[in-house]
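Enquirer: This is the feature table in TrEMBL:
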- 12-31: transmembrane segment (TRANSMEM)
- 66-84: transmembrane segment (TRANSMEM)
- 90-111: transmembrane segment (TRANSMEM)
- 132-151: transmembrane segment (TRANSMEM)
- 157-176: transmembrane segment (TRANSMEM)
- 183-204: transmembrane segment (TRANSMEM)
- 257-276: transmembrane segment (TRANSMEM)
- 307-329: transmembrane segment (TRANSMEM)
- 335-353: transmembrane segment (TRANSMEM)
Amino acid sequence: SRAYSLVDSSQVSTFLISILLIVYGSFRSLNMDFENQDKEKDNSAAGSFNGNSTNNSIQTIDSTQALFLPIGASVSLLVMFFFFDSVQVVFTICTAVLATIAFAFLLLPMCQYLTRPCSPQNKISFGCCGRFTAAELLSFSLSVMLVLIWVLTGHWLLMDALAMGLCVAMIAFVRLPSLKVSCLLLSGLLIYDVFWVFFSAYIFNSNVMVKVATQPADNPLDVLSRKLHLGPNVGRDVPRLSLPGKLVFPSSTGSHFSMLGIGDIVMPGLLLCFVLRYDNYKKQANSDSCGAPGPGNISGRMQKVSYFHCTLIGYFVGLLTATVASRIHRAAQPALLYLVPFTLLPLLTMAYLKGDLRRMWSEPFHSKSSSSRFLEV
């Protein structure tokens, strides 16, 4: 019998990168919370009582938004399916702008480290555009350069870099406030993913999800040269662009690409970001209460297991199961069909056993947190 590998090198790369993106995005989110707390303390010490002192760029998803997000995603998917030729240029430009900002956010810590020895952290004014530090200007410049090179070459590695920036930025700037909202959002997106992958072909005679995800768009430079009649040799040799809504990695033989949508990273990543924040909140609460013991029916070893580790392991197992299923069936699989149960069910079970389920379900962060800034992971 012929040996058959269920997981190849491209899929291993997808595993590692997706997990690193989730972990990094979650900790960037937690660090932003710490910075906001420090700013609030500084404002209070200075006698400023501005109620809008929280970071307005952070978006918290409520129950209504969680219920309607799969519907909005379905409408967007249908628009891209039926009217892709009409909106592809606008969509490409919007995606490039968002990817530029997201990748600059991804590069910012590195640029802060590089500019710290040789440049003060004073902000430079650009008039109505705002004030920016040298690190922010450097990260934005590098991001613009990378996007321009991607537009000119269309290389998959640059597209992956932009997709990574989008993943980290979305995980860092979007919040799930409770386990209830998390369950509503992920359950709705599971149904959305299963329907558009498995059942859309029966209605639209085509797999809508796969077609939209794999369809390349016209290069804006090519479109611009044709609109302005710049000649046959100006802007015509640029490639069509595969948009950075996914991670792709070539196999060792180069015969195919392994693909994972950024939604399959971001949505479970939001859940992992939520449980990481709750782990930190619980650690602070326990330190404030002088290490009060947990429920008597739970062993000390169980109490030491963090929700973040439990959910992250579930994400890895779910991703591995989805990959094996796609290799066995030789067809695209809705990754959330495997990721959602393998992340939510262990989390719900552990929360119930630890006695935290009621608090995590509705208002997990209602009490004032302490100033502790360290979490063991």
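Cβ atoms are placed via backbone N, Cα and C, with glycine included.
What you are looking at is a predicted structure, and each value in this text was computed from that prediction instead of being measured.
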Enquirer: Report the listed stretch (132-151, 157-176, 183-204, 307-329) having the maximum count of Cβ pairs within less than 8 Å of the transmembrane segment (66-84).
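Expert: Stretch with the highest Cβ contact count: 183-204.
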Enquirer: For the transmembrane segment (335-353), find every same-chain residue at least 6 residues outside the stretch whose CB is under 8 Å from a CB in it, and list them.
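Expert: The answer is 179, 182-183, 186-187, 189-190, 192-194, 260-261, 263-264, 267-268, 271-272, 275, 298, 302, 305, 307, 310-311, 313-315, 317-319, 321-322, 325, 360.
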Enquirer: Out of 12-31, 132-151, 257-276, 307-329, which stretch has the largest tally of CB pairs under 8 angstroms to the transmembrane segment (90-111)?
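Expert: The stretch I would name here is 132-151.
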Enquirer: Take a look at 132-151, 257-276, 307-329 and tell me which one has the most Cβ pairs under 8 Å to the transmembrane segment (12-31).
Expert: 257-276
Enquirer: Could you pull out which residues elsewhere in the chain have a CB under 8 Å from any CB of the transmembrane segment (132-151), counting only those six or more residues past its ends?
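Expert: For the transmembrane segment (132-151), the list is 96, 99-101, 103-105, 107-108, 110-112, 114-116, 119, 121-124, 126, 158-159, 161-162, 165, 219-221, 238, 241.
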